[in-house]
Amino acid sequence: MRTWLTRGWLARLLWPLAQLHGQAVRLRRALYRSGILESCRFGVPVIVAGNVVAGGAGKTPLVMALVRHLQAQGLQVGVVSRGYGRSSHESLEVSIGTPVAQSGDEPALIKRATNAPVFVAKKRADAVRRLLATYPSTAVVVCDDGLQHYALQRDIEIAVFDDRGVGNGWLLPAGPLREPWPGRRQQGLDLVLHTGLKPAFEGFTSGRQLADHAIAADGSQIALTALRGRTLVALAGIANPEAFFAMLRARGLVLEQTLSLPDHHDFGAGDLAACAGKTVLCTEKDAVKLFGKPGLASLQLLAVPLVFSPEPAFFAALDALLAPLLSQLPSGHGYQTA
C-alpha cells in the first residue's frame, strides 16, 4: 500500500492503532520468552525465512534458493509452511498432485520447484513434527515465513526486504511493519537479504529477474523474445503485481492488458473471460492454480519463472552459521545417499 511508504494523513490517523499493535507484539514475545506460552524446539537445525514487513519481498523464491543450495551439499532438507489461503486446516504432506486449495499456492510451488518434502499445518510446529516423523533423517528444516511465529524455535533467522525497505517505519496498520524496527528484532536477525536495487540498510543482496523463457502447462518452453509482437495479457495474484509487469516490459514485451489480483487469489472462471484467444503471462505462483483449470482451453497460458540469485557471500555466511549446528547431528545423519 502506498499509504505505508509515507507518513501522510491516513498513516497518522492510524498511528494510535499501530501503538496498540506494538504493545501486543511485545507482550506476546515476552510471554514466549518467559515460558508462559510454549515454544517447541526440535533436534535438527531450523531456518526461518520471512518478512518483517507486510507484503511480498521475495520470501518464497528465497526458500526455494535455500533448499536448492542445501540439497546441492547433499543434505536432506524439509520445508514447512502454514499454507496461507488454503481451504483445509488439516496437517498434510504436499505432493505434486495435491490440490492447491488444500496445500496453498506457495507450498505447491516449493514442492514442484525443489521436490523436497513439504508439510503444511495451521501450527508450524505440528508441520515440523510430522515432517520429522515421516522423514527421520532430515538434516535441516526450512520454514516458509514465520518470523513472528514464536511457537516454533529456530536456529537461523533470515529477513527479506525489497526496495520499500521498512516503508514509513511504522507498525501495522499505520505502516508495513509487523513488529518494531529497528531494535531487538534487527539485532536478533542472523541474515538480512535485500532483493531490490536500492537496499535501505546493511545486508546481503540478491539478483531478481525473469528467466529468458516462459513455460506452458505441458512443460514446454518458449523464449520471451518469441513473444514480442504478440497480443499479450499479463496477470498476477501476488503481493506486488506491478513489479512483475515492469519486469515483463523491461524484456521488450508490450502488454495490451494487465490484471492485478489479490495475493493468493482463488481464480474463478470470470477472471479470464475477457482473455479468450490471447496469450496470457502469469507468475509461477499463479500457474500452480491455473494450469489444468477447466474452461481455460481457449487461452495460451504461460508462466514466466523468476530467477532468484543471492550473492555468494550470503550463502557463505549461511554455511558458516549452519556448520556448527550440523556437526551436532549423528555421524552421517541427514545426507542423501546415491
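Heads up, the Cβ atoms here are built off N, Cα and C, so glycines get one too.
Computed from a predicted structure; not experimentally measured.
The ATP binding site feature in Swiss-Prot is assigned to V53, A54, G55, G56, A57, G58, K59, T60. Around the Cβ of A57 (ATP binding site), a 10 Å sphere holds 27 further Cβ atoms from the protein chains shown. In this structure, A57 (ATP binding site) belongs to neither helix nor strand by DSSP; it is coil.
The binding-site residues V53, A54 differ in how many other CB atoms lie within 10 Å of their CB, and the one with the most is V53.
For the binding-site residues listed here (G55, G58, K59), the lowest count of other CB atoms within 10 A around the CB belongs to G55. Take the CB of T60 (ATP binding site) and look out to 10 A: across all protein chains shown you find 25 other CB atoms.
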